[in-house]
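Asks: Below are the features I grabbed from TrEMBL:
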SIGNAL    1-20  signal peptide
DOMAIN    26-227  domain 'GH16'
ACT_SITE  GLU113  active site, nucleophile
ACT_SITE  GLU117  active site, proton donor
CARBOHYD  ASN121  N-linked glycosylation site
Amino acid sequence: MGRPCVGALLACAAVAASCCGCFQFQGAAAAATPSFGDNFDITGAEDHVKTSPDGQTWYLSLDNKTGVGFQTKQKYLFGWFSMKLKLVGNDSAGVVTAYYMCSDLDAAPERDELDFEFLGNRTGEPYIIQTNVYRSGVGGREMRHSLWFDPTAEFHSYSILWNPKQIVFFVDKVPIREYRNSDKPNRFFPIMKPMYVFSSIWNADDWATRGGLEKTDWTKGPFVSSYSDFTADACAWATGPAPPACAAATGNSWWDQPPAWALDDGQRRDSGWVARNLVIYDYCDDRKRFPAVPEECALRTKTS
């Protein structure tokens, strides 16, 4: 199948922040690298988390008793969010590793949310990556993709660009999904609520692998996912009633300037390659669930 670096991405990988219009790399190149403990609190069983000696890598484990997760200490409204993950290897059927943003600390009925979910599979079968968007508790905007590499062999970056104009999900700097707003606002575009960044590993063998037909084999556990290099070049939302100045549409941050409002030419070519080769499911094409095409589907950028 080949790797989808058909546009500007090959050159960008070599020159990072000076990357021929690849706006999303600027923040990642400029941000400092604090330890995971500086950014996150553990949620769940602390004995299911291990940390590398330098504090830069976390390992979350799932067994037949419990999973575990973490969340940022800070909320954010808009920005660039990136994490490197190495997923559970070998037989991971039923196991879900989630990396997502959410406006609430629990599944509140009016939450906004942006999701990466990595759906495990039997040994030798590929991982599936599912993305979803929620606005005020309404989701159902799932897309599923295969990947062009083995996500269990080494670390890969998974990133979200979020500004008032668009949300873009990236894998290794390749845009796999674009979710746009418009001048006539997309009613399903999350724009008002700051969000935490979360990750977790958990058992979902009632639905995750082949619709729940493949169950978790606990004899293969514990199941471990690994995390490093978190970056949040974003508008941090401090506690208090007044929003921070960066929440206004000032255009002072790179992720809120015109180059970050739409995919560039190279990204459109990469996005088109993904659409032709890697999409497994797209809610915009599902007439059983949506007899009328959801209105935001018409906002997608046409790719080549």
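The chain as shown is numbered from 1 upward.
The backbone N, Cα and C atoms fix where each Cβ goes, and this holds for glycine too.
What's the neighbourhood like for each of these?
Replies: Its Cβ taken as reference, GLU117 (active site, proton donor) is surrounded by 19 other Cβ atoms within 10 Å in the chains shown.
Annotation for ASN121 (N-linked glycosylation site): spatial neighbours SER92, ALA93, TYR127, ILE128, THR209, GLU214, criterion Cβ-Cβ under 8 Å with sequence separation of six or more.
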